[in-house]
Structure formats: C-alpha cells, structure tokens
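Here the structure comes first, spelled out in structure tokens, and everything after it is commentary.
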Amino acid sequence: MEATSVFRPKLGSQFSLPSTTNLFPLRKLYGFPLTSFPGKPIKRIRLKATNTLTFDDKERTRKFKKLPLSEWTHYFHSIPLDISEMDALKEEIDELKPKVKNTFMSSQGSDSTKTKILMIYLFVSLGLAYHFEEEIYETLKEGFENIEKIMAGEEDLYTVSIIFWVFRRYGHYISSDVFQRFKGSNGSFKESLIGDAKGMLSLYEAAHLATTKDYILDEALIFTSSHLETLVATGTCPPHLLARIRNALSICQHWNFEVLVPLDFIPFYEQEKDHDEMLLKFAKLSFKYLKLIYLQDLKILTKWYKKLDFPSKFPPYFKDRCVENYFFVLPVFFEPQLSSARMLLTKGFILLGIQDDTFDRYASISEAESLGNSLKRWAPDHSMDKQPEYLKSVLKVILDTFQEFEKELSPEGRSYSVKYTIEEFQASSKANVELAKWAQVSHVPSFEKYMEVGQMEITACVTVAYILMSMGKTGTKEAFEWLKSRPKLVQSLCTKGRLMNDIAGFEDDMSRGYVVNAVNCYMKQYGVTEKEAFKELRKMVVNTHKTLNEEFLTTTCVSHYVLRETMDFARMIIVTYNGYEGFTRPDEGKIEEYMTSLFVDHTLKML
C-alpha cells in the first residue's frame, strides 16, 4: 500500500517513521500505563519518510487558519440586567420551596419511598435537585437499605427503569438483574413492552448507566433504540413524547448537561396530564432565575476578558471563546450559588485554549520549546527575550492569571490547589511541545505512543485540577493526590477526551495539514481504512462510558462530590463532541442553539 493513500486528503508533506524509531522514545511521562489499545493485528505499511527530523525555525510566512472573533463577548458586555427582577424571582422561589419540600417529604403509604424516588427523577429532570440535596441523600440512603422490598413485585417498566436510573445516578450500585423480569422464556425482552413508549424510553435511558459487566443493559439499549427510532419515524405517539424521544436518541439524559435537560423536560412535563402545577411553576421560576444569574456572571466575566484585549496581543490563530468557555463549565457548576466557581473555571478554560492554540496552530518549534521551557520554570527562559511579542503575551497572561487565582484562594488556605493545578498545567504543556514537534514534520507515531502523549495534551487532567481548585474546601489535598495517581476514572476521561476530539476534529485537522491525529495513527498502525478506524475508535469511546460509570459506583477513596463533578466533566466532553467539533465550530452543531436557549431566549412562559 502506498503511504500517500493511507491519509486523505494529501496535504503538504506526509512524513512518518516505523514504530521502531528511537527519535521519539516511548516514555512513561504522564502517569498513564503503557497498555495496548484494542485493535487489529499490526499490518506493516510502506511509508515515505526522511531519515532525520529537521525543523525550520526561521521566521517565515506562517500558514494558519484564521478564526473569527466571537460575537457573544460584546453582546453580554453591553446587555442590561434588571436586578429587581432577580430579587422578585428569588422571593417567589423562597416562598414556594418549602411547599414543594413538604409535598416531597409528606408522601405516605407502603409505596412512599418509591413515590419519593420517582419525584427525585422529576427534580433532576426539571433542574430542581440542587434545592433538595439533603432530602434526596437521606431518601436514597434509606431506600437503598430496603431496595429488595421496594422492587419486589414491581412489574411496571417505567417505574423499575426510573428507580434504577436514580440510584445509579447518585452512586448506589443497584443490580441490572432487576430487568430480568421483563424478559420472556426465549431470553429476549418481551415484545409486549414495545407498546409502552414511556417505559421503553425510560429503559433506554437506564441502559446508559451500564458498567462493563451489565450485559443485559447492552441488550436493552439495542432493543429500545431500534423501537424508539421506529416510533420517531412513524410518529405513533403523542407529539410531546415524540419530541422527548427524538432528543434522547440524539443524547441520553445521563450524559447530557443537567442544566440542559430542563429546556426540553419542562415543556414536556407541562403537557403531561398528571403534572403538578406547583412543581411546574417552581421549575419555571427556578430556571428563569438561573438564567438571570448566568447573565450577571457573563457581564462580569466579559468585562474581565475585554480588558485583557487578546485580539490586539495575538494573531488571529486563537479561538476567541469567552462566553463559550463559560457555557462549557455549566455541566460542572450550574447551580446559582456557584458563580465564583464558574468564573474561576472559565478563566482556567480560557488559558487552556490559548495554550493549546499556540502550540497546535501557530508557534514554530523554537517558540513552542521556549514557551514549554518557560512554563516548566514558571518564568521566562533564556530565549524568551528573542521571541515574538505575541509569545511573551501568551506567557504573561498565563502567569498573571494564575497569580490572580493565588490571590483569590490564599485567604481560604487553599494555595495548595493552585500549586497542584500549575503542575498539571506544566505536564500538559510538555505534551503540547511533543505533539507540536510531531505535527510540524507530519510525523505519525504508533497509536499507543500517540495516545500516551495525546491523552495528556487533551488537558483532561489539568481540567480536573481546575475543577478541584474551583470546588472550595471539597477540593482537598487528598483529592489532588488522587488525581496525580491517575486512577482508572481519570484515565478513561483522558481517553474519551482524546478520541472524541480527534474523531470530531478530523476534518478540521486534515484541512490544515495536521496529520497527528488518533485516526491517522490507528490507520497507519493497523493498516485499515479511515472508515474502519472511525468504527474502532468509536467502540473505544463507548467502552470509556461503561468504565466511567463503573468507577463512579465503586471508587471510595475520594468524596462523592469529587466523583460527581469529574463525571460532569465527562458530560462536557460528550456534549461538545456529539457528532461535531462543538468548541472550534460552535455554530455548526447544537452548541450555539444551547447557548441561545440558556443565555438569550426567555421562551419558558410564566404561569
């Protein structure tokens, strides 16, 4: 096979080396185990390659894709905000909250716990769970102690599926054997279930909480997906339920942002005949208040961002994504009281974007090495004075912003969190330099070697560190040490982030001649087509879903809150790369639609 036929399209020079090359020795640099990924037997391919690596470090006309500035920043910087409206909403919420709580806690009868669990699902879906965290915790703790009694004799598919979903969502390991009751004598799910559209949808949602050993949930996903797709195609159920099924097939509730779910669920619930008017009103008030809090945050954040004046300091190679970055922190910190955490994490994301774009899209090798060395020293290296002004600005904004973090967190006695996060940022920068060297000479390493470096370059570890840094006292030293140990949950996050980014960003990478990508590395190593590579990489992504679920349920060395926010980061990855590159091209997928719904639209009419 000719080397030039392995990659499509042929853009610039294609360069690779056999996997035995010692020019890029495989080192355990980043704490990841050097295990092989599943794939086909290696098939040797002849590649056109030079004998030595050469770097052209002279100033030259750079080839980079100019990225347009975001229109969102100016919009929120100048938008008016009515504080009196926020105060009025808060007053109504405070008046209704105890009434809703009383309805939840006063459930009586033999099925009272079951009724409460079903209501917890409504709380989560309507965006209200944060109002009743203690009550939910106590209810599920008590319920889990009596799970066998609760499930005994329950034959309603919707009820069993929702109870399963709620317990697993909150970290309680309920066995998937509860679904055996819905199988016939032939070992397959009963055909009679097909007529229960809500039950089928709930089983479909429950199947996404599968672990690596929940084979019955694999069967359930196949069974429900095919029949739900038929329902959508034929339109044979109520329109409001049909819309919900269509949304679920696009992205299941478990892997969606918790704050995005109410956008669809509130209108759905309103059209349910048995909906609770008080609960519906409480959901609408809470969601409207939440949106106003976000506007308040964005006014403050965009003011900070505009003062930095990045467009005057950097060439237009970087992704101008202040408001978009704020959107991407919402799966982790969406509750109204967490404004400070959102601000901190958004600023961290902005730094990661500048770092990544500088290494990935613009810097020469000497510039990349100088920036990498400076970040390693956490001060300008000896060559920085000779570098272009833009690079000095990149380094300055990173160092200054971390100094800002230190100033904010030091009074809380949390300087250690900044130190740990800097270490992860430095490790990420080191990986960026390695990838930049490969990219500039179109070197395509083995898949395993690429993943070792690429998993760190994708910034999943430093993102978890940012999350811990932003969490307040819950982000303990022990939590950071857990991160440093590279537990299986974190490894799966890194794999998921790397693969989903590379799958969704493949077209963009190739269009600019950037061949260092998991797809190309897999094609080269295993001698497969692009289509086959995509198929295998997507299988790996699905496996990470199951591993994440499993680790969330079984990890005991850190707090549930840390695990929950880490899982929320996984949700960010999935929504961002759900069939499109949502960060680089937010206008081409659903990201812009989501942002408009959360930050601009006020379509949830009040009762």
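For all residues, glycine too, the Cβ spot is worked out from N, Cα and C.
The motif 'DDXXD motif' annotation in Swiss-Prot falls on one of the ranges 186-190, 356-360, 406-410, namely 356-360. Spacing of ASP356 (Mg(2+) 2 binding site) relative to ASN501 (Mg(2+) 3 binding site) is 13 Å (Cα to Cα, whole number). Within the motif 'DDXXD motif' (356-360), the DSSP-based counts of helix, strand and coil residues read 5 helix, 0 strand, 0 coil. Between the CA atoms of ASN501 (Mg(2+) 3 binding site) and ASP360 (Mg(2+) 2 binding site) there is a gap of 13 Å, rounded to the nearest whole number. Between the alpha carbons (Cα) of ASP360 (Mg(2+) 2 binding site) and ASP509 (Mg(2+) 3 binding site) lies a span of roughly 10 Å. Take the CB of ASP509 (Mg(2+) 3 binding site) and look out to 10 A: across all protein chains shown you find 20 other CB atoms. Packing around ASN501 (Mg(2+) 3 binding site) is summarised by its Cβ count: 24 other Cβ atoms lie within 10 angstroms of its Cβ, all protein chains included. Summarising model confidence by region, the motif 'DDXXD motif' (356-360) averages a pLDDT of 93.
Within 10 Å of the C-beta of ASP360 (Mg(2+) 2 binding site) there are 20 other C-beta atoms, taking all protein chains into account.
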